[in-house]
Structures are given as C-alpha cells and as structure tokens.
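Annotated features in TrEMBL:
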type	residues	note
ACT_SITE	Cys80	active site, for GATase activity
ACT_SITE	His190	active site, for GATase activity
ACT_SITE	Glu192	active site, for GATase activity
ACT_SITE	Asp241	active site
ACT_SITE	Asp420	active site
DOMAIN	5-196	domain 'Glutamine amidotransferase'
Amino acid sequence: MGLYLLDYGAGNVQSLANTLKKLGHDFQWISSPADFGKATSLIFPGVGAFGSAIDGLTKRGLLEPLRSYIASGRPYFGICIGLQVLFQSSAESPNAVGLGLIPTTVEEFTSSDKSVPHMGWNSIDFIDPEGETHEGLDESSCYYYVHSYCAKYDHTRPEAAQWVHSTTQYGQEVFVATIRKGNVFGTQFHPEKSGAAGLKLLATWLSKPESSRTSTPPSLCVPRPPKAKDGLTKRIVACMDVRSNDDGDLVVTKGDQYDVREKAPSATDGSNPMALAARTAGAVRNLGKPVALAARYYAAGADELCLMNITSFRHSPLRDQPMLAVVRAAAEEVFVPLTIGGGIKDSVDPDGTPHSALEVAGAYFRAGADKVSIATEAVYAVERMRARATDGGLGDGDGTSAIETIAHAYGRQAIVVSIDPRRVYVDQGYDGPYKDELVFGKPNGPEKERGKAWWYQCTVKGGREDRPLSVVQLAQGVEKLGAGEIILNSIDRDGTGLGFDTDLIALVRKSVRIPIVASSGAGRKEHFVEVFDKTGVEAALAAGIFHRQEVGIDEVKNTLSTTNINVRLQA
Ligand code: 1PR
C-alpha cells in the first residue's frame, strides 16, 4: 500500500525519485500489473515521446491496469507525458492511442515565431484565480517546461476545457499547463525540476489526505486570449568542467581557451604569496568540488546546471565510477535541470566489451541527468551524414548515430549538442567553401579583426583537433538528426572574460530553430544583457566568473530584470 511511481521504461525518471526522497516520502516503483492494486497514490513522471510511452506501457502490460487505476478514483498525478497520455492522441505519434480521458488531442507547437522545443521556465495562469486552493501553485512563480507538443486550450469545447486548471502561453499559443478533475491532477511542466516552486507543489499534493485529492470539481470554461508577450524567461546556466587533477581527485576546473593547466607565476602576481601558491605551474586548475559547487549554484538561483566530463574522450564514462558518483550526488542536491556531457559515443573496453553511446547516456540518466550533451561524436555523425548526401547538402541520418538513438529512446528534449568552434581568419575577399557564413571585422573592432573576415570551424576532443566542418553545417546537421538544444561555446572567448562572441551566436541563432545556450567569455553582468539583446538566444552559460565568485547569479538576474529581460527571480 502507499505511493507508487510508474516508469514505462524510458529510465530517466531519477529526478522525481530524488525529489520525493528530499521531501521525505517513501515510494515504490510499479513493476508489474499487480502493483496497481497496492497503490493508494500514483505519480507518472512521463518523459520521452507519446508513442514510446504508450508502447512501453502496452508491452509491459501496464496500460489497461493504469486505466483501471484512474477509473477507481484513487489519486493520480501525471507529469509531462504522464499528463499527455490522458488525451486521445498526439501528433507526435499519430498511430498511438491515448487513454482518451480528456476528449481532445495533443498538437505540435508551431516554430514559425519561436524555438521548439519549448524549453525553460514559464509562468501559469489559473482558469479561476479566485478558486479554492491551487495545490501550492502560484501565478508569481515559474515552472520548468520541456516539450514540443502540447494540448491547446479551447474554451469552446467544454468536455475538454472543464479539465483545465491553468494555462501557459508560449509565443502566441495558449496551452494546458495543469489539469485537475476528480482524482486526476497533471502538469505539463516538471515540478521535480522546478526548484522550490515545484517542490512546494509536490509537497502540497502529497500532504493532503487522499480523500481530498479525489474530489476536485470541473473547471470553468473561460476564454483565454493570448497576451502580447509570453512568460518564458531567459535561462542562466552555470557550467562545471570536471576532470581528475594530478592526485586523481575529481575537481571543477576552468581553462583559458580550453587550457586548464596553471601557467607559470606572472609578473602581476608580484610577491603575493597566495597568488604564487595557487600557481603551481602545469597543475590542473582546481576551482572546487563539483557537488558542493552544484549545490551552491542551485541555492543561488541557477536555472540549469551542466557538468562536463572534459577528459572522458580518453576512457569510457561507464568505467568512470567516480564521475557517475558525482552525478548521482549532484542530482540529489539540485532540483533544476542537470545536463551531463563527455564521452557519449560507441566505445570498446580494453577487454573487448563494446558499449553503445545509448548505454553511456543511459548510465548518466540513471545517475540523475535530465539531459545529456554530446560534442565530439556529434561532429562525426554530421560528417557521416553529409558524406551520404548526393546533392552536397545536409544528407539524412541512418538511425545509428548517438543523437538519433538517444533521441529515439529518451526524446529530443534530452539531447544537447555542445559545439566547440574556433575562428578561422581569412581575407575579406575569401571565396572558399564557407564564404556564405563569413563574419566581417568591423572598422572599430579589435585590431586583429580589422580588414579580416572569419568563419567558425568545428573541433573535436575539446578543441584538440580541427575538422572540415563549419559551425552552421554542424548546427543544422544536429538539428536534423534530432538534437533538442545547442550549447554554443567559443574556444576564442572561453575564459577570457571579454564577453560572448555575439557574431557567432547570432549566426547560429538564425540558422536553426532549436534553443541555443550561449557560452564562453562572460566577464561582467552586462555581457548577459548584451548577448540576449543582440542575439535573442534562449539561455546564457558561464563558468569562470561564477566559480571565482566575481559575479553572482542573482546579480546577473537582477541586472537583466532591470533592463526588462524576463528572468526567474528567487522568491
Ligand atoms: O567531446 O562529447 O566527450 O564532450 C566533451 C565536452 O567537454 C564538450 O562539451 C567540450 O566543450 C568540453 N571540454 C573539453 N575540453 C574542455 C577544456 O576546457 N579543455 N570544456 C572542455 C569546454 C567550455 C565551456 C565553458 C564555457 C564558459 N569548456 O564548458 O564552461 O566556455 O566558460 P567561461 O564562462 O569561463 O568563459 P565530448
């Protein structure tokens, strides 16, 4: 008897388990149809695709028992796909039949006016703001969404609209954020990734006696025309590059243009003993312990965190138990999305055992990652795809690349591609293969750029090797293969504090529709204002200035807020 969680087999549901542990609730997993009989409360934290969820439930013999559980009147809480399966069908998987409790369909967002997936923190609007309790939800809070499909809100269809408890707006589309009727509650957003606001919702729902979670009345059916602007906030991401130091401990490090080793003492260190002691020439720079830093950034209001295993191209992450332990421990401390990258590729152990990229990603997801990030292998996949094209264009995937296999199993939203480009300077009259992507130096720009043009070349293995591929070719290629987001680094700007490379970021922003996280070069809070104003990206990432505590995440957000850039502020 008690609280059960339903996992249809996608596997990246560890976040909810961590959240419930944090809130002090015991639970069990539904592992067979018989378990439904023992559940007195059920949460379905669905991730991935609609069709995979229905297929996974059907194959495990869980679909009909789920239907019967809900019909029995016991409390049900569906998250994301766990909400969408209650509808009749989804454009995502036209052949899959949903539970049909809510008599309408799930549709794809239009990408004509915005990036898709809808990824990030957005607000909610109650259908009846004056209504009784709202399960601990709050119109002044933001919640974390990540999805490409949604149920549009239509008040003229009361049989579906009476389920809707709150809506959200993305671009000009108004869709269902939460549903509530009888024993059923559901959220399109992820409460387990929505920081304190999400924890409050889960705690409130779970703390109510089960009888009071089973009798909520139908909603009003009121019109909800779109407002001039949606509530999606710009995200601030803190990134930790992790590797072993020379003593074998995993540390957060930080490079200058990807060089993470200390330089010899410089003239500016003078006789300062601290500065001199810190500079053991050649040692891996140590900026702290990954789990402690992750906890600090969560508390400081980071919207997302990244842990990049920066030397994992040398060994398979599956053999890297300390790194997996770090991911597990970090995931227990942070309740915002966690991206883990490094070493996601097909590999063979020294004893000849093969491992697929999907297995590596699976290990990261089971450890608590919400998204995985691929760099080197993404470049190779796009090169292979282009080599197959007969028209010199992008080409097509063959279903075997890491991006495709992981997106198929875990959903596009779970795959990030991290790009490590470097500028290649050429004369302004350059007429080579990348001429359509050239950026021209401004007359008042830095001296080395004047009279020059440049294109952005992709690299692999953390910038150690250049490849014959431009950043635009890579970005468009990974979008086609199924990546849900891009982290756009810049080797030229990394660790320099000179500001983001807005030329690079604007170029990629206009080349793809998926969300982009601008990265590398943040040195002052004003740089974040500049990157959002000049490029329209969805998120900005920094490492060094946060690690060295030169600028706080709250300071960045306050500055953005005073310049009318919408951000999630801590309560
Ligand atoms: O190739 O799939 O195994 O992934 C390896 C990952 O590790 C890639 O995402 C790659 O960017 C990263 N990586 C590899 N080597 C390094 C290095 O620094 N030597 N880190 C490295 C790249 C870039 C950002 C950094 C921003 C912001 N670091 O992660 O956080 O540039 O820094 P800043 O705000 O201090 O300027 P694979």
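Including glycine, each Cβ sits where the backbone N, Cα and C put it.
Automatic prediction, not curation, is the source of TrEMBL annotations.
Structure coloured by features recorded in TrEMBL.
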residue: Cys80; record: active site, for GATase activity; DSSP class: strand
residue: His190; record: active site, for GATase activity; DSSP class: coil
residue: Asp241; record: active site; DSSP class: strand
residue: Asp420; record: active site; DSSP class: coil
Of Cys80, Glu192, Asp241, Asp420, active-site residues neighbouring ligand 1, Cβ under 6 A: Asp241, Asp420
From active-site residues Cys80, Asp241, Asp420, the one whose Cα lies nearest Glu192 (active site, for GATase activity): Cys80
Model confidence over the domain 'Glutamine amidotransferase' (5-196) (mean pLDDT, whole number): 94
His190 (active site, for GATase activity), number of other Cβ atoms within 10 Å: 24
Top Cα neighbour of Asp241 (active site) in the set of active-site residues Cys80, His190, Asp420: Asp420
Number of other Cβ atoms within 10 Å of the Cβ of Glu192 (active site, for GATase activity) across all protein chains: 29
Asp241 (active site), number of other Cβ atoms within 10 Å: 27
Alpha-carbon spacing, His190 (active site, for GATase activity) to Asp420 (active site), which is rounded to whole Å: 30
Spatial neighbours, same chain, of Asp420 (active site) - Cβ under 8 Å, 6+ residues apart: Tyr258, Ala375, Cys458, Thr459, Val460, Gly462, Gly463, Asn489, Ile491
For Cys80 (active site, for GATase activity), the number of other Cβ atoms found within 10 Å of its own Cβ: 26
